[in-house]
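As written in Swiss-Prot, here are the features:
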type	residues	note
BINDING	Arg26, Glu84, Lys123, Lys450	(6S)-5-formyl-5,6,7,8-tetrahydrofolate binding site
DOMAIN	219-376	domain 'TrmE-type G'
BINDING	Asn229, Thr248, Ile250, Thr253	K(+) binding site
BINDING	229-234, 248-254, 273-276, 357-359	GTP binding site
BINDING	Ser233, Thr254	Mg(2+) binding site
Amino acid sequence: MNLSYTPATICAVATAPGRGGVGVIRVSGKDLLPFAQAISGGKTPKPRYATYTDFFDAHGQALDNGLLLFFPGPNSFTGEDVIELQGHGGPVVLKMLLARCVELGARLAEPGEFTKRAFLNDKLDLAQAESVADLIDASSETAARSALKSLKGAFSREVHGLVDELINLRMLVEATLDFPEEEIDFLKQADAIGRLRRLRAQLVGVQATAKQGAILREGMHVVLVGQPNVGKSSLMNALAGDDIAIVTDIAGTTRDTVREEIVIDGVPVHIIDTAGLRDTDDVVEKIGIERTWQAVERADLALLLVDSREGLTAEVQSILERLPPALPRVQVFNKVDLSGEAAGLAEQDGHPLVRLSARTHDGVDILKAKLLEMIGYSGADEGVFLARQRHLDAIARAADHLELAEADWEQVEIFAEELRMAQNALSEITGEFSADDLLGVIFSRFCIGK
């Protein structure tokens, strides 16, 4: 990268807050061998080997003991000299070691600054850098494996392959601009439009994989709504496989929203159980009902629960009418164990209808499968990498530019410009074409020490 940064020495605790057996201080900067010698009492650590040593303060008194590792740049995570101090994991000990690092000239690192330096020093591209945070934040094994694929460059290789094809096609198209009277014949002979169509097909494949990766990262927010005592809390417990919410036969037991994250086939699903919807004079219950509608506004999908013995009553119809028209929903007819109906999937008024029993779990797997289908998840295979919404936006813009390029290919200057814009959009993913403010936003969301 050609973006500049101040080459100050930075330091941070790289392990999680709290007490533990081991705590790690990470330091990055230029020419850190004297730094390592000062904190270890004059020892010269062998690069990429663990050196057992005491860690000393400015007066020669030991603060802690443990392992010192020295990674000379550029063969390090950040591309600079990197030191790791692996001591005991107590907060007080780590605070003393961090203060000693500051005494030796380091400053406290900003969130994500180590990874940002790795990006700026061409150790990682931007998609790989983001996957560091995604791997840390992964809420399922599938998401973690996909994030690791991105960190190892699976997503970046796909993008670089598309960009390379675009560059070659641009070179061909722009070379014809000097020969306007022959440019169309030249492009036809070179099969420019055929190459463009193949490129668009490749992009569609990458886009589909990226969408699956984005679902693994973002998951979906599902709100449970319905009248009191229709089994919303029981269904939440059935989906979670645990007793998350209190369940009684008393209508109105749930008076506030209860949130739980579960994992369905590797996809994080944020379930929100809500207060039952009914007319009430109870002040507390009214507040809970208002929060129910607030949760509905923020949800990706609604599960409208109905007592299968009663069906779509006038009260249920009023709830249906208030749901946002654009909000996807599934009508869940619960308590089939009491109504005598069979669990299964159907459709009503253009929306899915699932019959189940939250108490016996009969039909719950049908609902889980339907949720994944509605969010567009087809299952993670070995090739799925994790992606973010900004990646999907960039791919969509590139696809739009390639569509325009094909439509206007006989106007060669427009053809060339649309190819350039498509290349720029894709290059935003890996960071070859990114604004400083975008980088600031991305790395500010990392934890300190990464």
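Cβ coordinates come from backbone N, Cα and C, glycine included.
Owing to the predicted nature of the structure, the values given are computational and were not obtained by experimental measurement.
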Residue with minimal Cβ packing [other Cβ atoms within 10 Å] among the binding-site residues Asn229, Ser233: Asn229
Cα-to-Cα gap, Ser233 (Mg(2+) binding site) vs Lys123 ((6S)-5-formyl-5,6,7,8-tetrahydrofolate binding site), nearest whole Å: 48
Cα-Cα distance linking Arg26 ((6S)-5-formyl-5,6,7,8-tetrahydrofolate binding site) and Asn229 (K(+) binding site), given in Å to the nearest integer: 54
Entry from the binding-site residues list Lys123, Lys232 having the most other CB atoms no farther than 10 A: Lys232
Mapped DSSP class for Lys232 (GTP binding site), helix or strand or coil: helix
Other C-beta atoms that fall within 10 angstroms of the C-beta of Ala358 (GTP binding site): 26
Entry from the binding-site residues list Arg26, Glu84 having the most other CB atoms no farther than 10 A: Arg26
Integer Cα-Cα distance in angstrom, Lys123 ((6S)-5-formyl-5,6,7,8-tetrahydrofolate binding site) to Lys232 (GTP binding site): 49
Inter-residue Cα distance where the pair is Lys232 (GTP binding site) and Glu84 ((6S)-5-formyl-5,6,7,8-tetrahydrofolate binding site), in Å: 50
Arithmetic mean of per-residue pLDDT over the domain 'TrmE-type G' (219-376): 81
Coarse DSSP state, helix versus strand versus coil, of Glu84 ((6S)-5-formyl-5,6,7,8-tetrahydrofolate binding site): strand
